[in-house]
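Taking it in order: structure first as structure tokens, then the write-up.
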Amino acid sequence: MKIFTIATVLGLASLASAEIFLHETFSDGENWTQRWTPSTHRADLGKLEVTTGKWFADENKSNALRTTEDYRFYATSTPIKPFTNKGKDLVIQYDVKNEQHIDCGGNYVKIFSDKFDPKTFNGDSEYNIMFGPDFCGTKAMVHAIFNYKGVNYDLKKTVSAPNDVDTHTYTLIVKPDQTYQILVDGEEKASGELIEDWDFLGPKTIKDPSASKPADWVDEHEIDDPEDKKPIDYDSIPEFLADPEAVKPEDWDDEMDGEWEAPSVPNPDFKGPWAAQRIPNPDYKGPWIHPEIDNPEYKVDNEIYAYTFGNLGLDLWQVKSGSLFDNFLVTDDIKEAEAIRQESLDLAVKEKEAKAVHEAELAKAQEEADAEQAAVGTEADDKPLEGGESGDMEINFDELNFDDEINLDEAAAEVKENVAEIKEEVEQKIIEAIPEAAKKPVKDEL
Ligand SMILES: *[C@@H]1O[C@H](CO)[C@@H](O)[C@H](O)[C@H]1NC(C)=O
Ligand SMILES: *[C@@H]1O[C@H](CO)[C@@H](O)[C@H](O)[C@H]1NC(C)=O
């Protein structure tokens, strides 16, 4: 039973070292602003808020970070407890809900080192890993980009992202043996080896630069048959002949019309320029294949996966805002990540029920509005217009309320200001219109 004991000890040891470096749930109301730093890289970055969204599963768990402005860049970040994933598993996981029917916009996260300036954070800030979905038109894909020696490498496989209005959980797992997994809602969408599925190291072999095709290499498939000789009289066969069927017209006058000649017709025996028969080349060696050698640039690196982490950021462009981000998780604990994911998946099921209720309410409200409008329309049709309603407005002075004192000086000043503004606007319009009028051809004026 010694083996069991060791296994138990190892199990406990690995449990003890497992750690969560970031788990952001936005569940404490306004306090998220203490943990997230908006970039000040540009003044017009989109605003974010924490809200449950239009429909949700649990009022206490569904708070999420939402983009609120259309046609905006977003850049904000939060610290991760600094750590290195060297020798450890790495899990990056979060939930996204695009309840706005996203048409074109990013949903991905970027994970940065501890050397990162949240204030200047922008699209060019160097990251370690970029992970998550991205949508535009028919494109709906999950990015997984790793920075290796300053260069960003894209996953060579295509992972598609669900493009709907429900919450989905995205998970990236990287292990110290340089294998990886991408999960969407807990289902594996891609897996394999980092060095196979990203081009970090370049090709293993290259064409030998010192080798070249020998000058005497015979790569001609066919040659002229040396036995095939041009017949001696071949060139004497004329291309055209005098038409043997032609007859000199009866009224031909040799003196007036010159000597009669039959018109030319193609010679059926003429074969065109002579060419020898082609035969297979007995010296043919096949196509020359450039020999390959080991790529001297290819250096096995067993630590491509290892980074130092310190920050997580959203750097997005959104045409239609309204994406909700929740449960940002960075950990070395695959089991814990799975438990947190399961909770998200369970909530997503309830959320779908909430969506159905929400949609039913919307439909009912629409129906009621339509019915009301129809009723108003009928009433108006039934009722003939009376004098008072046709435009002769009668004022009932008893009903007017003169509680607010009117300051005549202030009112006059305001009117003056408005008039000045309108005047300025009109002048500007005239100035703008002049070059267009001047460009008009004179003809039009006539
Ligand atoms: C928000 O932060 C303040 C101060 O840091 C703290 O006192 C308060 O309990 C927090 N609120 C919640 C809901 O966690
Ligand atoms: C949310 O929390 C409040 C206060 O703790 C509680 O009264 C309420 O029942 C909770 N709602 C749900 C759906 O659990």
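Cβ coordinates are placed from backbone N, Cα and C, and glycine is handled just like the others.
Your range for coiled coil, going by TrEMBL and the list 293-320, 321-348, 405-432, is 405-432. Here TrEMBL has Y108, K110, Y127, D315 binding alpha-D-glucoside, and the candidate from D117, D134 in that same listed site is D134. For the coiled coil (405-432), the predicted model reports an average pLDDT of 69.
One way to see the shell of the alpha-D-glucoside site is to take the Cβ centroid of Y108, K110, Y127, D134, D315; the remaining same-chain residues with a Cβ within 8 Å of it are G106, V109, M130, F131, G132, H143, I145, G313, L314, L316.
For the binding-site residues K110, Y127, D134, D315, a Cα to Cα distance of within 10 angstroms from C104 (disulfide bond) holds for D134. Within the group of binding-site residues (D134, D315), the Cβ with the highest number of other Cβ atoms inside 10 Å belongs to D315. Annotated pair C136 (disulfide bond) and K110 (alpha-D-glucoside binding site), C-alpha to C-alpha distance, rounded: 19 Å. Remark: Y108 (alpha-D-glucoside binding site) has M130, F131, G132, P133, D134, H143, L316 as non-local neighbours, by Cβ distance under 8 Å and separation of at least 6 in sequence. According to its DSSP assignment, C136 (disulfide bond) is in a strand.
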